[in-house]
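> Sharing a structure here in structure tokens format.
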Amino acid sequence: MTTLTITRPDDWHVHLRDGDVLADTVRDISRYNGRALIMPNTVPPVTTTEMALAYRERIMAAQPQAHFEPLMALYLTDNTSPEEIRKAKASGKVVAAKLYPAGATTNSDSGVTSAKNIYPVLQAMQEVGMLLLVHGEVTTHEVDIFDREKTFLDTVLAPIVNDFPQLKIVLEHITTADAVTFVQQAGDNVAATITAHHLLFNRNHMLVGGIRPHFYCLPILKRATHQHALVAAATSGSKKFFLGTDSAPHAKGRKEAACGCAGSYTAHAALELYAEVFEKEGKLENLEAFASFNGPDFYGLPRNQETVTLTKQAWPVAESMPFGSDIVVPIRAGENIEWTVK
């Protein structure tokens, strides 16, 4: 039986939501991850240090595994102040701030309307060493949804990278060959997370033979050529790419609807899904760097000391999973996953 032992991984981009669902989402994310960076687009969004610390307490109250530490992020708005950034940095619990272009994704209506509005904040982040996390899509109606990422790179991110050369930036959940190239050509202060579902699927999986709402996420799945570029980047061993699931649960009825929500739930089996991709590419030896080394190295945090073991042993995913008083349909529901984590 094939086994692979790696340093305990981290998830550098996950949505846990809030309220009674935390018991379920925290259970899944803490099963084998050492740390997870918790996204702040809750309702209301986590816009202050006090809100971030209170949210962290609610996460810890949901009784994660003892080895797990939640890392917090601030939600940037047009009104975020440099003083708030300094306060967040001083807390020792908030490690990043997130740029959501207004209206780009779930609960992002309070986001930034123009990057220029937060330039004083970005300057403060550069000064104190706080990372900028970026949802890389424009939201103007004239830009096709499949082109939102490339347009963002050209019109928004490139100027930020140029104007703040010492600011560490993570381009989150990249979905295009254009983003891969952008990150590869940028300096060492620019990196990217890649999700399991963008490695495993392309837009055909979502649209051919009927609409499959559980594959609907933002940024949206792209054509296969972009998927192949993401797989090549993730499995390459490059230190610029690391694991961020963007696991984003919604209740089944919110997904299977006339106007369904964006987000795919993968926290139930994230490392196992990534292992399938790396095995298919013949690059299992690079999984540890992607899952366990590149993220903490970029964030300036120590690597985890413990290990986890993956075993090539298939197991069936449930058709649905508990989600507070409701249920969530996970990726690969009713199908087998080829790897098991012990």
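For all residues, glycine too, the Cβ spot is worked out from N, Cα and C.
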> Return the residue out of Lys93, Lys98, Lys116 that Swiss-Prot annotates for the same Zn(2+) 2 site as His135, His173.
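Swiss-Prot names Lys98 for this Zn(2+) 2 site.
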> Kindly point out which candidate in Asn33, Asn41, Asn117, Asn286 is recorded by Swiss-Prot as part of the substrate site with His15, Leu16, Arg17, His135, Leu218, His250, Ala262.
Asn41
> Looking at Zn(2+) 1 binding as recorded in Swiss-Prot, which candidate out of Asp246, Asp297, Asp326 goes with His13, His15, Lys98?
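Record check against Swiss-Prot: Zn(2+) 1 site with His13, His15, Lys98, extra candidate from Asp246, Asp297, Asp326 is Asp246.
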> Using only C-alpha positions, which one of His15, Leu218, Ala262 is spatially nearest His173 (Zn(2+) 2 binding site)? These are the binding-site residues in the record.
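The answer is Leu218.
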> Applying a 10 Å Cβ distance cut-off over all chains shown, what neighbour count does His13 (Zn(2+) 1 binding site) have?
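So the Cβ neighbour count for His13 (Zn(2+) 1 binding site) comes to 27.
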> Once His13, His15, Lys98, Asp246 are set aside, which residues in the chain still have Cβ within 8 Å of the Cβ centroid of the Zn(2+) 1 site?
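Apart from His13, His15, Lys98, Asp246, the close residues are Val14, Leu37, Met39, Asn41, Leu133, Glu172, His173, Gly244, Ala248.
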> For the substrate site made of His15, Leu16, Arg17, Asn41, His135, Leu218, His250, Ala262, how many Å separate the two farthest Cα atoms?
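Farthest Cα pair among residues binding substrate: 19 Å.
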